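Peer 1: Here's a structure for you.
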């Protein structure tokens, strides 16, 4: 660390000299020598050190971190030694420019010639790093872009081009000279961005000097120069990096998308090939003769082909230029009389929409997936093929469009998230380094303190970076001495060579501006100086105080740099050090701080100069975040605080020399932080002084008193309330403007505007007086207000000069002032602000992409649009969408980004050829729309959190508006209470009721029928939020706490933006909590509390735990708890619906029952009929159930209760609901013609009504009114039954034809809603939706506010300008403005009645109409007509002219970006967020599990669901066995998959117009494949026998094979009546899913499919809900729009005449497609658009629509289906995708366990679940990664300590568990999980053989080793004895005297016997070598055999002979051991 503590200043930077280069070379040589040694070590298996990495904040092109200080001026632009230690062994040097940007260069020779010290290269480096150089290049590029955007450049621009080329050449030359060309790192071509420069220059010269024909195509490449901006601006590089990363991540999704689209395209090809060419052709007659000519309408054609290809003979669709398609199937479109359906001409849309070949089918499917103009394709296909094929489109839309497109979003979002995490990790890394540095400083500081050294006095001088060098030198010497001192224990000493690397002074620290980065994610970090705080949640607890901080937070500052060390009074001790802080010292500066304009906070009460300890001076002031807006100068609401140290105290420092010691590093850090603070300053000090002098007005006492009074008024909450009301009124006034206003109305609006302008000006003036300008302009809102006021005043001044409606638009910004008091709007604006901030670079990238493609389009296609315009435009004018000039090219690209690409692409393909257009358009679509826009959306979602949406204000206090409202409420409450008391006083003289009666009348509500205890959720409910209130005042006559009172639980009130602000000043939070806890304790202890106000009663206690009296026995009560009765007919109990947590626990039911023993009757009893209030007010409601009439009534109720609760009753009601809903579907336009059905339906309707009324009455009697009417689902039932009842009564009385009754009848369409509560799946979804409704409504409201601004602006711009004069005879085409100029001329010319003035149906004539227009623009449906009208508009009621107002397009572009893109996507954000919140509420273990635990839990979950399978036994027959071996090989499967894919390819080759030869060949190929697959099937059946049918895949194959054979045989019949039999072959593609498991590389795709599988159940529920919504709306549509005129989107097939047709229309607009076309005819109100008197089949008249009903119908449907339900679908996919990705990144996946069991089958063919210990090693080696343990693996397996059962067998669970543990690592949770798993496994496999381990692998090894040790020891012992005995015998034989047999060591026993034998046999003289090595020691076996009686070794202990064989006796070895 000593290295770290080098001083700052010049010594950090050393010039790069030849010596430096030599030093680097020396280090490189050393490293190489070390490297060879290291590689040797690694071969020996020693751990390698972690390789060093380049430091992130010292990377090239980053700014030098502040800690390194400022380089001296003379070193700027000069080569310096590299600061990053990573490059210490590489030939590099760095250069810094004035902006301290790092440039890194290679120190090798550039171009072999120029060394780093060559003057030419130095000059080039100086130029390159200079900021002016990059500015010059930037300006050149921008100028070049301007020139490129000219569509018809003048001739002189050629010379400008040469200039540009010269500048780019010069740039590249400088770079090459400075960096070198390409050989080494950091040279020119090593940077990919330079490749771009290089290619641009090469292209420029190539086009100039070589003639290459089509120059415009090559000129197009020049547009790539725009990309150079990215290489110049470093911020863009990172975003592009993120884009490239996300594109890489998209690979899997792209593969899956292409695969799915290919499958769907194949299906489309087979189903619809050639269908779209069927047209309605005029009838003709064939003329007799040989030439085949035909005649029609008296005209003769040469041949039938010529006739069929003549467009004049086709019938056109009504009101369009499209040909009417038709089909030959029964439900396809039909032709009118005089026409027949024939295959003729080309396909629709210039021939580009078709399924005639695979390529066109694929394009059609891609278009379907991106949902561009898909309704057109849908209508064309259904008209030509039949309505049944709606199913195909549903599949493609739901699987393709919703799933795949959103997967792309999910992947891009995840890539962004990962990058974000990486940024956070990088900052954490820096922080860690910083912490290490701080530890070091602390140690040094403590060391100095112990020595008694003054550690502070340095700071004054040496905090300055200009401290003299001599000081630095002296300090570094001193530090060297210090760091080798005893206190540090030598731990921090570094090798000498390190301290010599001077330039790398602060390497270990490398702290950047990361300090103040606010974009980080919040996270808790102890001792962190990096504040990870969400931008929008200011926290007051930066320095903890008791009031608003937790212990954890204050603790987190313990080691923080920014908190002063505890203060100490100097009087106690002169010696500086750490001690206790001064008593009562305030650390949190909330109450006593001021903020200056720089955001620096001074603590006013932070102690005086004497009270400051040395510690507090280590740091100068630093602010990490700017303080938020302050309301008053003296008050600083929650925000980051900061302490300003006082002047240093010099007392107590005796040693003069101490002033020059230590803390150099502290000065480094301090000055770095000081610089950081300076960088945050908003204004320089001189401005600061000026502002404080002139902008704070405190002149005289009179002024001050006026100021105080004004302040009192202005700052009062009521002033805010008044201003807010004025804003709302002003907005209302602006919204009242409309077309055709009367003069009086207009004048009123103008006066209103003047008044409001006056009010807002006055507000601003008074606020400036009250606050002084200095403080007024420190608040963002005030600045905003002042700007708007100034603009309003400007507008007043300028309005006389002309119509400046643009300035009027600025008034609209006042609406945003609402955000101040409306948190949701505020949050939303912040979200958009944050996103736009974060999106700055991304927006720039998008702009560059749009620019590039616009220029490319203009260069490539521009000319073609003008030359070949006749192909796409009948009028001869240029079409609206063309690429002739840059603006129009930009519009086309923007339109593609909006998702509309296909129509403009058709035009392009017509004029410019197919290939190039396809390439450009699809590139823009994929890059721009799918990637960049999804990245936008990902950023938007990431800055979104609904916690903020519902949170109150940031500082946790109420804002002024809420205070004002609370005051008003308090006033009203006071008035109410006073009035109440007064009335009670008057009534008090009445005699009281007897107490007994009062008590009795109160009993029934809660206690009269004792209930079973509440469910666990209620019992364990968390304490309610602080919104819960208890009324303090008691109402008279409510009894006392001693009375028998009901236990009632208040429900937590729902949150809203302006909540009931009852926590007023008089009722503080503390007392409130005391009160509630007191009441809670009363309840729990069995006491009773007074009843609350009715609205606070809990439905929980009344319903959930009700359903009658519980029995006295505790056991029964327990049973009741487990199976609680519920009212299924009414759906969910309110406990689910309303209450999240109740405040009080229920009293113990057993105690209650003891109190009232006589009521413990049957549990299945109903509740009371009436609420307690009713009983109290009407005692007659109280029935005595013990007497005769009451008893009968009670029995009746019990009977009804049993009926209603019976499951059969519920089933019957569901059946009736479905029947009645189904009956509604028959009430269509043809009902009058079908008399029988009509009569049947009438009777059925009556029957249903009676049944439902009966059900309702039964439920009333059974449940009582109280329970029935406190349940939302029951209310729904009640209302729907009422509608049926009223319509039935009206029918009976003959009022059926009355208008109101008719409209009431349409409400019967709501009947299916009753099914909601009965179907669990739908109810779950609805509950989730209901939970999200508050947030959704919030966002909807905010969207409406946003849109209001655009709508008012639209009214200002376009009101009255959308009209035009039309000539009816010319087919509704507007006349030229030269003929008719305006509305009055049109009316005056209208003599014949053929001219009339009309308006575009959707216009901006008022704000309401504007909203509808904006909805069409935002959903991109019908927006073209609106835009065209706006662009063509000239003036008020003037005839439009083609593109007269061209730049009005910009209004729509801006609206689409802010109004559509941001606001509509917020819906996804809100819904996802709500899902997550609800998950948190419901989520159990997920939230309480650590990441580690989750990992184990998931692995175990997968593991437990598997068990070993018995493999299919191999046949005994030799041939069958051979086939079996082939069939079961993986290669066989892969081969079959390959053949399937090949089969698909042959299917792709088919086209509609193929030749007979091709048809023949393909048929034969098909037969071949059918034969192959049939063969496969037969072979498998032969090999696998009856086991073949045990596998579902095999059954699937079998069915497909049978179908293929049938299809081939009966192809003609099937094709004629059904569809092409080749479709069966497509089904076979499903088998590809099977092979994905085998391919390791397909893991990503498996994850995606897994995400889909996980989503399916939820998606099914959402689909059901969507179907229900569609059903209801289609019934409404049939009732209201059946007879609407056919035009636009409504025709003979797509209409509301029948249920089926309505469903077709509604499915189409579920994705919002074509809803404008369906709405258009409904907006017709009278002639000439429709005929109000046309008679209809049901007796009504007219084919006009009803605009109000139509608009309501379509807008609500779009909001419900498109914005909510479809977004729920998206939310689920995103959620499951992240879950699936998590699963796939887990170390062990499902596949790994599958693989384990597959291998297991081979080792355990009988599925005994055990394998032999001997086989374990092979088994472990046979597995695949990550479970595999490769051989040699004996030791690893032994260490696993696996339990073994008798017979040396090991259980599969034990093995799997051990292997899993090895992969996941050790963890404390493993044991608990193991027990769980074993229990689970036992339960799943009851047949398991008794499992009692007798030993383990480790114990077995221990035993073996022990045995070996014992053997060896015994052998050695024997050997020693033998040697002794041999020695004795030898000596004896040699004739030593005195040796008798008695002296022998071994007189008897085996050794003596054998030795004596040996020696006695010898005849010759004994030599030393004659002792046979085999003769002794005796073998172990013989010893044990002979002496088994007397030796304590049992052979049975070593059960296996191998153990002994392992260790053969080796005398040599033993001899050595003795020696």
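Backbone N, Cα and C atoms are what each Cβ position is placed from, and that goes for glycine too.
Computed from a predicted structure; not experimentally measured.
So Swiss-Prot has the following annotated:
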{"type": "TRANSMEM", "residues": "130-149", "note": "transmembrane segment"}
{"type": "TRANSMEM", "residues": "189-209", "note": "transmembrane segment"}
{"type": "TRANSMEM", "residues": "217-236", "note": "transmembrane segment"}
{"type": "TRANSMEM", "residues": "250-272", "note": "transmembrane segment"}
{"type": "INTRAMEM", "residues": "358-378", "note": "intramembrane segment"}
{"type": "TRANSMEM", "residues": "387-413", "note": "transmembrane segment"}
{"type": "TRANSMEM", "residues": "839-860", "note": "transmembrane segment"}
{"type": "INTRAMEM", "residues": "887-905", "note": "intramembrane segment"}
{"type": "TRANSMEM", "residues": "915-943", "note": "transmembrane segment"}
{"type": "COMPBIAS", "residues": "1098-1115", "note": "compositional bias 'Low complexity'"}
{"type": "REPEAT", "residues": "1189-1503", "note": "repeat 'III'"}
{"type": "TRANSMEM", "residues": "1239-1261", "note": "transmembrane segment"}
{"type": "TRANSMEM", "residues": "1300-1319", "note": "transmembrane segment"}
{"type": "TRANSMEM", "residues": "1333-1357", "note": "transmembrane segment"}
{"type": "INTRAMEM", "residues": "1403-1424", "note": "intramembrane segment"}
{"type": "TRANSMEM", "residues": "1622-1642", "note": "transmembrane segment"}
{"type": "INTRAMEM", "residues": "1700-1716", "note": "intramembrane segment"}
{"type": "TRANSMEM", "residues": "1748-1773", "note": "transmembrane segment"}
{"type": "COMPBIAS", "residues": "1963-1982", "note": "compositional bias 'Low complexity'"}
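Context for these features, please: burial, neighbours, distances.
Peer 2: Sequence-distant contacts of the transmembrane segment (189-209), counting only residues of its own chain at least 6 positions beyond either end whose CB sits under 8 Å from a CB of the stretch, comprise 161, 165, 168-169, 171-172, 175, 181-182, 215, 218-219, 221-222, 224-225, 227-228, 230-231, 237.
With a threshold of 8 Å between CB atoms, the same-chain residues lying at least 6 positions outside the transmembrane segment (250-272) that come near it are 355, 357-358, 361-362, 364-366, 368-369, 381, 384-385, 389, 392, 395-396, 399-400, 404, 407-408, 411-412, 931, 1544, 1547-1548, 1550, 1619-1620, 1622-1623, 1626, 1629, 1632, 1644-1645, 1647-1649.
Within its own chain, the intramembrane segment (358-378) has Cβ neighbours under 8 Å at 257, 261-262, 264-266, 268-269, 272, 347, 352, 393, 396-397, 400-401, 404-405, 899-903, 918, 925, 929, 1548-1551, 1689, 1708, 1711, 1713-1714, 1717, counting only residues six or more beyond its boundaries.
Sequence-distant neighbours of the transmembrane segment (387-413) (same chain, 6+ residues past either end, Cβ-Cβ under 8 Å): 246, 249-250, 252-253, 256-257, 260-261, 264, 267-268, 271-272, 331-332, 365, 368-371, 374, 378, 381, 930-931, 934-935, 937-938, 941-942, 1648, 1651-1652, 1655, 1659, 1663, 1693, 1700, 1703-1704, 1707, 1710-1711, 1766, 1769-1770, 1773-1774, 1777-1778.
Away from its own ends, the transmembrane segment (839-860) comes close to residues 145, 148-149, 151, 216-217, 219-220, 223-224, 226-227, 229-230, 233, 235-236, 238-240, 243, 883-886, 889-890, 892-894, 897, 912, 916, 920, 923-924, 927-928, 932-933, 935-936, 939 of its chain (Cβ-Cβ under 8 Å, at least six residues beyond either end).
Listed by sequence, the residues of this chain that lie at least six past the ends of the transmembrane segment (915-943) yet keep a Cβ under 8 A from its Cβ atoms are 242-243, 246-247, 250, 363, 370, 405, 408-409, 412-413, 415-417, 420, 831, 834-835, 838-839, 842, 845-846, 849-850, 853, 856-857, 860-861, 893, 896-897, 899, 901, 904-905, 908-909, 1461-1462, 1465-1466, 1468-1469, 1472.
Within the chain, the transmembrane segment (1239-1261) has long-range Cβ neighbours (under 8 A, six or more residues past its boundaries) at 1127, 1129-1130, 1196-1197, 1200, 1203-1204, 1213, 1216, 1219-1220, 1223, 1226-1227, 1231, 1268, 1274, 1277-1278, 1280-1281, 1284-1285, 1288.
Long-range Cβ contacts of the transmembrane segment (1300-1319) within its own chain (Cβ-Cβ under 8 Å, at least 6 residues beyond either end) map to 1128-1132, 1210, 1213-1214, 1217-1218, 1220-1221, 1224, 1273, 1276-1277, 1279-1280, 1283-1284, 1286-1287, 1290, 1326, 1664, 1668, 1671-1673, 1675-1676, 1679-1680.
Within the same chain, residues 735-740, 898-900, 1344, 1347-1348, 1350-1352, 1354-1355, 1357-1360, 1362, 1452, 1455-1456, 1459-1460, 1463-1464, 1712-1717, 1719-1720, 1751, 1755, 1758, 1762 sit at least 6 positions outside the intramembrane segment (1403-1424) and bring their C-beta atoms closer than 8 Å to a C-beta of that stretch.
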Peer 1: Does the transmembrane segment (217-236) reach the transmembrane segment (130-149), going by 3 or more CB pairs under 8 Å (6 or more apart in sequence)?
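Peer 2: Yes, since the transmembrane segment (217-236) and the transmembrane segment (130-149) share at least 3 Cβ pairs closer than 8 Å, they count as touching.
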Peer 1: How does the model score the repeat 'III' (1189-1503) in terms of mean pLDDT?
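Peer 2: That stretch averages a pLDDT of 86.
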Peer 1: So if I exclude everything within five residues of the ends of the transmembrane segment (130-149), which remaining residues of that chain have a CB under 8 angstroms from its CBs? That is, six or more out.
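Peer 2: Same-chain contacts beyond the ends: 77, 97-99, 157, 160-161, 164, 167-168, 171, 174, 222-223, 225-226, 228-229, 232-233, 851, 854-855, 858, 886.
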